[in-house]
Amino acid sequence: MRIIVAEDIGFCSGVRRALKMTLSEINENEKIYTLGEIVHNKTVVDSLRKRGVNVLQENIIPEDAKNSSLIIRAHGISRDQLFELQKVFKKIVDTTCPIVHNLFQTASRIHQEGYRIVVFGKESHPEMSALKGYVKDATITLKPPELSGRICIMSQTTMSIDEFYDFVVKSISQSKFSEIRIINTVCEITARREKEAQKIAKQVDLMIIIGGKNSSNTSKLTKIASKFTRAIQIETPEEVDKINFDKVEMIGITTGTSTPEEDVKTVIDKIKCRRERK
């Protein structure tokens, strides 16, 4: 049995930055909260919780907020929400990914120039909820809309680059616009992983994608790989024990952007142990 591991695995730069800022805060403060899970990875979140980092859900303010630090995750939040939280917490640590922040700023600037902002994305995704705080009348959709006037089409940073291009083509073909701007705001790192996952999936009998069940980019990689081979998404290395490896000679492995590289090594070790037991 041969294993092909993607070259680009583990945390992306945005997640790595967010975790580094969080760990620095642990060393300086006793009471720390994150607004939602700092990353879509149960193991990492549990590890931080053991070190005193508690997860807050939206609209819940703890009694000790005045003496606590609040960490804004990489998905970002709206400016209004940030302003309100600054009034309540002792300190705000904003770990919004620079790529996501650029999307917010670009959308806001172009909207002020008189364009209608259309974003290819999932309206329920935290990143898109935050964008709404910058451009309240932005259209966020997965289905190409019929548009008119001056339009700017952008994308949620974690969407599939191929699906974004398809969305753009279909939007143009069915719209009556006077002017259109298209800005590719898909994260280059996730786009690169997408292409690599596709390349590996074409060579293997089974593709294993490691990442959180609620991770948008991990789900996207699983969807892409499944077009070419059998693909299984796992959240923890322990789930390897549930996989059927019968008639599998080639295995591909990749990860979502919130998955630590150590998980890949553990998964490989478990696969090798399974093989040796046969």
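Heads up, the Cβ atoms here are built off N, Cα and C, so glycines get one too.
So that you can see what the record holds, here are the features copied from Swiss-Prot:
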type	residues	note
BINDING	C12, C97, C187	[4Fe-4S] cluster binding site
BINDING	H40, H75, H125, S215, S216, N217, S258	isopentenyl diphosphate binding site
BINDING	H40, H75, H125, S215, S216, N217, S258	dimethylallyl diphosphate binding site
BINDING	H40, H75, H125, T157, S215, S216, N217, S258	(2E)-4-hydroxy-3-methylbut-2-enyl diphosphate binding site
ACT_SITE	E127	active site, proton donor
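The maximum pairwise C-alpha distance among H40, H75, H125, T157, S215, S216, N217, S258, the residues recorded as binding (2E)-4-hydroxy-3-methylbut-2-enyl diphosphate, is 16 Å.
All chains included, 26 other C-beta atoms sit within 10 angstroms of the C-beta of H75 (isopentenyl diphosphate binding site). Taking a C-beta cut-off of under 8 Å and a sequence gap of six or more, N217 (isopentenyl diphosphate binding site) has these contacts in its own chain: T158, T190, R193, G211, G256, T257. For the binding-site residues C12, C97, C187, a Cα to Cα distance of within 10 angstroms from S258 (isopentenyl diphosphate binding site) holds for C12. Just so you know, the Cβ of E127 (active site, proton donor) picks up 25 other Cβ atoms within 10 Å once every protein chain is counted. Separation of the C-alpha atoms of S215 (isopentenyl diphosphate binding site) and C12 ([4Fe-4S] cluster binding site): 13 Å, rounded to the nearest whole number. Cα-Cα distances to C97 ([4Fe-4S] cluster binding site) place H75 within 10 Å, out of the binding-site residues H75, H125, S216. Mapped onto three states, the DSSP output places the residue listed as 'active site, proton donor' in helix. Measuring Cα to Cα from H75 (isopentenyl diphosphate binding site), the recorded positions that fall within 10 Å are E127, out of C12, E127, C187. Non-local neighbourhood of H40 (isopentenyl diphosphate binding site): G211, G212, N214, S215, S216, T218, G256, S258, each in the same chain, at least six residues away, with C-beta under 8 Å from its C-beta. Annotated pair the residue listed as 'active site, proton donor' and C187 ([4Fe-4S] cluster binding site), C-alpha to C-alpha distance, rounded: 13 Å.
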